[in-house]
Ligand code: PBG
């Protein structure tokens, strides 16, 4: 055979890293941390092996563990001591996230992002204030405008506690603008917003909802989160968030939505984030436990794929384990 082009020439051990188009660094990763006001102990999350709900007293310890792996950023989720119709513990200055963030920022150098949503704080488990009769009428769920006020209050309370960035995930119309306005009015115009801009109504959130106790008590989130069938609609959502002042654009979940990450990457110059969600983590762990997949291999390949699609940063439950394998010299 007379082959002039032999791509295999580039695949020697020495050349492979030099011609790698995508690299993964521990500083690309954001580790989720769950702080739980209902417990005095660290409680393992069964469906997310290696993850725990920790009491406020252990928040600094938990974040320090993350930092030791080389990961420098965390996103904090809270499980409040009590829930009500309005999700009032989401914006309480002594709420679980606010207390945890105060301590984490005082005692560590972590970059602290907070998830801004009401679903962990409402007794009905929806991401905002209910429309009248929502419990009896399947066409109703969350009332948009009253929810915006509460989300803005929540974001401001996180900023007051010392959060470096807020990440609204409630999928309400006008959410980014309302939060931007709230932050600016409270003197936090320098706090960036990472919007869950393309957030799908996904079955991959199951383990998270167990972990954060945030499953809706009735109905589902399809009246506010996006239909997995839609890609063009994601671009509308993103355009609206950009107009309203989003600084970082997130796609969630990650792996099933690589096309959306790529579309946004190509159309915008904003940083793009991918959320490698709980179900993406749980399924790989479950298969690895059965001996069907090599966990380090699939974890690394998953995160690399998100970057290759166009993500700059990745929120992932694999943050610590992948950072450890990277510093041990693991290469795909
Ligand atoms: C809050 C929120 C959810 C997740 C992140 N923020 C749950 C949901 O939207 O139902 C899911 C994250 C994961 O599955 O890892 N709204």
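Positions of Cβ are set from backbone N, Cα and C atoms, glycine also.
In this view, residue 199 (active site, schiff-base intermediate with substrate) is surrounded by 25 other Cβ atoms within 10 Å of its Cβ, with every protein chain counted. Annotation comment: TrEMBL describes 199 (among others) as active site, schiff-base intermediate with substrate.
The annotation active site, schiff-base intermediate with substrate is assigned in TrEMBL to 252 (among others). Non-local contacts of residue 252 (active site, schiff-base intermediate with substrate) by the CB criterion (under 8 A, 6+ apart in sequence, same chain) comprise 169, 196, 198, 199, 200, 202, 274, 275, 277. Under the three-state DSSP scheme, residue 252 (active site, schiff-base intermediate with substrate) falls in the strand class.
In this structure, residue 127 (Zn(2+) binding site) belongs to neither helix nor strand by DSSP; it is coil. Non-local contacts of residue 127 (Zn(2+) binding site) by the CB criterion (under 8 A, 6+ apart in sequence, same chain) comprise 117, 118, 119, 142, 147, 169, 170, 171, 172, 221, 224. Taken from TrEMBL, the feature Zn(2+) binding site applies to 117, 119, 127.
Per TrEMBL, 5-aminolevulinate 1 binding site is recorded for 209, 221. According to DSSP, residue 221 (5-aminolevulinate 1 binding site) sits in a coil region rather than a helix or strand.
If you draw a 10 Å sphere around the CB of residue 237 (Mg(2+) binding site), it holds 22 other CB atoms from the protein chains shown. The Mg(2+) binding site annotation in TrEMBL covers 237.
Taken residue by residue with DSSP, residue 317 (5-aminolevulinate 2 binding site) is part of neither helix nor strand, so it is coil. In sequence order, 31, 32, 48, 50, 51, 276, 278, 281 constitute the residues six or more apart from residue 317 (5-aminolevulinate 2 binding site) in its chain with CB-CB distances below 8 Å. Marked as 5-aminolevulinate 2 binding site by TrEMBL: 278, 317.
Across the structure, residue 209 (5-aminolevulinate 1 binding site) and residue 237 (Mg(2+) binding site) place their CA atoms 24 angstrom apart. Least crowded of the binding-site residues (117, 119), judged by neighbouring Cβ atoms within 10 Å of its own Cβ: 119.
Taking the mean position of the Cβ atoms of 117, 119, 127 as the Zn(2+) site, the remaining residues of that chain whose Cβ falls within 8 Å of it are 87, 118, 120, 121, 122, 126, 128, 169, 170, 214. When Cβ atoms from all protein chains are considered, those within 10 Å of residue 209 (5-aminolevulinate 1 binding site) total 17, not counting its own. Taking a Cβ distance under 6 Å to any atom of ligand 1 as the criterion, the recorded positions 117, 119, 199, 237, 317 reduce to 117, 119. When other Cβ atoms within 10 Å of the Cβ of residue 221 (5-aminolevulinate 1 binding site) are tallied across all protein chains shown, the result is 22.
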